Amino acid sequence: MAKVNSKKNKFSFSLKREKKQLSSSQKLFYGSSLIILSLIFFISFTSYFFSGHIDQSSLFELSSRDIVSENWMSKLGALLSYFFIYQGFGISSYIFSLLILLSGLHIILEIKNRKLIKNWLWGFYLMIYGSVFFAFVDSSGNYSGVIGYEINNLLTDYIGVIGTSFLLFILAMLYMTVRLNLRLEHVSRIYRMNWFYIQIASIFKRKQKATNDEIEDSSNLESAIDKANQDTDTKTEDEIINQEKVDKISKKVPAEKSKIKDEIDIEVEKVIEEKSETDNLSDKLVENFGLFDPKLELGNFQFPSLDLLKKYDSEKINIDKQELEENKDKIVETLGNYNISISSIKATVGPTVTLYEIIPDAGIRISKIKNLEDDIALSLSALGIRIIAPIPGRGTIGIEVPNKNSTIVSMHSVISSEKFQQSEMELPIAIGKTISNETLVVDLVKMPHLLMAGATGQGKSVGLNAVLTSLLYKKHPAEVKFVLVDPKKVELTLFNKIERHYLAKLPDSEDAIITDNKKVIYTLKSLCIEMDNRYELLKNASCRTIVEYNKKFKARKLNPNDGHQYLPYIVLIIDEFADLIMTAGKEVETPLARLAQLARAIGIHLIIATQRPSVNVITGVIKANFPARIAFRVTSKIDSRTILDSSGADQLIGRGDMLFTQGTEIIRLQCAFVDTDEIEKLTDYIGSQKAYASAHNLPEYVGEESGTNLDID
């Protein structure tokens, strides 16, 4: 019985083994699938080095169908390359693709699994080693991935650079001796083979040289014989034909014969032209080292992702047709009461207000409709009605009516918009959305300065945060620096976390965010010194703008030994400007006006915010140099005219409702909303990354008594 049972067990075991074996078609299928998978990894990894920086900002939004990936394998490739190349082993991740390829070949060719497991173990060894090696060679971490970067930092912290180099050498020798079975006799054999090849090559060179010398000697001999024969034939022929002439000439002029002979024997040497050096030094430098990259010091810097910003349920605009019909009827009825008939009316629904465009009948005066602003507001029982008569470029009259249920315009929606993501502006700012629900993106460089005003609690601080957030999502720390002035000490405090990334300050200042009025004056005068220094650099480089200068510097056409350097943009942001003017007066206004007049060409731009837009705060000198202005809701028409040179800001409804102008038409917008939690997440994300050693230092300003004479109460 025992024997029968054992036979049954053996039989059942063999059946199980037979079931586990794959058929040839299955092996072909699985092996081919793995080979294709390895190609997907390879293409994704390769594409990362061309388009990884483009996909970085929208990486965690790839689940949305609206987001487009630049990776050659689309969204899957972007995610694979991010987790393997950036978060994983860097360029060594190609070994993982190779291991998958080998696995597929093992299955198809039916190679033993034991050898495959061995290949995988050594493959992972090489991946980790390569990742650490690239981090050791290139400290920026662009080719090593996070794993290699962190391991290299850990090793250098504990055993130093020399110890790490020794360890890498030992690990490389371990791989070559154990895996490649390298022995001392192999090394000596390679050396002997190299010596043998060198000796053979030298013998061939000597023989070749001797052969060339013989050929050269024989060719010289033949040419000499030919030349002698030619001279003899010529001479004989001349004697036969012109014997009498020659005799007569020789008698009269005996020296002529020798003169002719001398002329025949002259050999003209070949003129060797000197090679002209066409390439200049800058082209050679670019060819050898590439263009100068100002981002190289923080080459591993990652822009913040969109998931740090909030999405709101009420972002989508809901069109209430009943509300539109009611407002239309009331507008037509109110105008009809004053004998004003219209031929057509059209509604455009925005986040906060709806624009009703009307075309009056012929003969109706526009001023008559304009004067009915209060009557229309009364009939619609709504605040914040504004009449635009006429709308520039359309030939219609606009009546802006607030919606009963306004929509929140999130910072997420404007930053993720195609207009902002694909903008090639120098300093792009996504302010908010227009009445037609389009994201408005403007370039601070073309403004070139921005004046922002409005009553307390109407959205100024949110507007400043929107400006800063836009620039943080688009510009690298090497490209822009902020000088922040916050007299209230609470509005811009969160940006202290990115001091060593984005902020600029005076050399001896402890805090990068300026809260003391005396330090504001020092900073403004320091910026004037910076402006003068930059203009001197532009003059020496024969450039007119900072864009031309930086382009030349990147092309290595400017010598750093002559004081040239890459110039980042500097954005000065002043909150509560009224408080500053009332305490410091001319001490602030004079350097500020000078910066506003002259600093745009060298990359210094100003943003000023105030809650008191009176003429003694916003003076004519300041207004003349700030063509771009934002007006939130104000309390009077006088304040509106002070900011915009026209009325309208007094009729806004608040909560981010604003008017924007760049000197031509006035656009009504809903400012993008970004709250304190979002700013905190954003600054935490940037602040946690590798930073410069210190904040960007402005030139030191020394006035009288280590400062300047101030008239401050």
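A Cβ is built for glycine as well, from the same backbone N, Cα and C atoms used for every other residue.
The compositional bias 'Basic and acidic residues' feature in TrEMBL is assigned to 224-237.
Per TrEMBL, the feature domain 'DNA translocase FtsK 4TM region' maps to 34-183.
Here TrEMBL flags 303-403 as domain 'FtsK alpha'.
Taken from TrEMBL, the feature domain 'FtsK' applies to 413-615.
Per TrEMBL, region 'Disordered' is recorded for 215-237.
For the transmembrane segment (28-50), the list of distant contacts is 22, 70-73, 76-78, 80-82, 84-86, 93-94, 96-98, 100-101, 103-108: same-chain residues at least six beyond its ends, Cβ to Cβ under 8 Å. Feature annotation from TrEMBL assigns transmembrane segment to 28-50 (among others).
Feature annotation from TrEMBL assigns transmembrane segment to 83-108 (among others).
Annotated transmembrane segment per TrEMBL: 120-138 (among others), in sequence order.
According to TrEMBL, the transmembrane segment annotation covers 158-182 (among others). Sequence-distant contacts of the transmembrane segment (158-182), counting only residues of its own chain at least 6 positions beyond either end whose CB sits under 8 Å from a CB of the stretch, comprise 122, 125-126, 129, 132-133, 136, 152.
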Based on DSSP, tally up the residues of the domain 'DNA translocase FtsK 4TM region' (34-183) by helix, strand and coil.
121 helix, 0 strand, 29 coil
Quick one: mean pLDDT on the domain 'FtsK' (413-615)?
91
Please report, as numbers and ranges, the same-chain residues at least 6 past the borders of the transmembrane segment (83-108) whose CB is under 8 Å from any CB of it.
22, 27-28, 30-35, 37-39, 41-42, 45, 48-49, 52, 115-116, 119-120, 123, 126-131, 134-135, 141-148
